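Here the structure comes first, spelled out in structure tokens, and everything after it is commentary.
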Amino acid sequence: MGGAQVLLLLTLLGTPLVTHGTPPLVVDPSIGSQLGLGSVLGLDLGSMGGSGRPPCRPINVTVAVEKEECPQCMAVTTTACGGYCRTREPVYRSPLGPPPQSSCTYGALRYERWDLWGCPIGSDPKVILPVALSCRCARCPIATSDCTVQGLGPAFCGAPGGFGGQ
């Protein structure tokens, strides 16, 4: 392996993979031609999203809605964002920290109001839920979303009466 090829290989190993758009072109001086990054590394970058994995999109979900002052949960069917987004896992530790990861989150949304059953007189039975109109892959907005690896799940009901009065 010549010096230029070793330098090219070291440069490629230290370069993070492209996660969107057209792969950059790399010129190999020993060949004198342009090669796509995927060709040099022997990867098919077009299929890294994984065939068979559903993309980020609005999906119908049933969630448990509850309020602290109301004794029961109510199952509500709404639209949320779900599916896969392309992520990167570094092969080396960077002093800059890990690369930002994207998750499937709301692009556009509207809000719907639901009234819970069995709430005591004088309490507010109204609950407002977001409804996904469109979704996108972006950094998880931790101020408004559950960005944990595995949350409680949409059907979790912590009310003492469980699901009642449907």
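Quick reminder: no glycine exception, Cβ is built from N, Cα and C everywhere.
According to Swiss-Prot:
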- 1-21: signal peptide (SIGNAL)
- Cys56-Cys104: disulfide bond (DISULFID)
- Asn60: N-linked glycosylation site (CARBOHYD)
- Cys70-Cys119: disulfide bond (DISULFID)
- Cys73-Cys157: disulfide bond (DISULFID)
- Cys81-Cys135: disulfide bond (DISULFID)
- Cys85-Cys137: disulfide bond (DISULFID)
- Cys140-Cys147: disulfide bond (DISULFID)
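Shown here: features listed in Swiss-Prot, placed on the structure.
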residue	record	DSSP class
Cys56	disulfide bond	coil
Cys70	disulfide bond	coil
Cys81	disulfide bond	strand
Cys119	disulfide bond	coil
Cys135	disulfide bond	strand
Cys140	disulfide bond	coil
Cys157	disulfide bond	coil
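Following the DSSP three-state reduction, the secondary structure of Cys104 (disulfide bond) is strand. Put simply, Cys81 is the one of the disulfide-bonded residues Cys81, Cys135, Cys140 whose Cα lies nearest to the Cα of Cys70 (disulfide bond).
Taking the disulfide-bonded residues Cys70, Cys73, Cys81, Cys119 in turn, the residue surrounded by the fewest other Cβ atoms inside 10 Å of its Cβ turns out to be Cys119. Using a 10 Å radius centred on the Cβ of Cys104 (disulfide bond) and all shown protein chains, the other Cβ atoms total 23. If you take the Cα of Cys137 (disulfide bond) and the Cα of Cys56 (disulfide bond), they are about 7 angstrom apart, rounded to a whole number. Long-range Cβ neighbours of the residue listed as 'N-linked glycosylation site' (same chain, at least 6 residues apart, Cβ-Cβ under 8 Å): Thr77, Thr78, Thr79.
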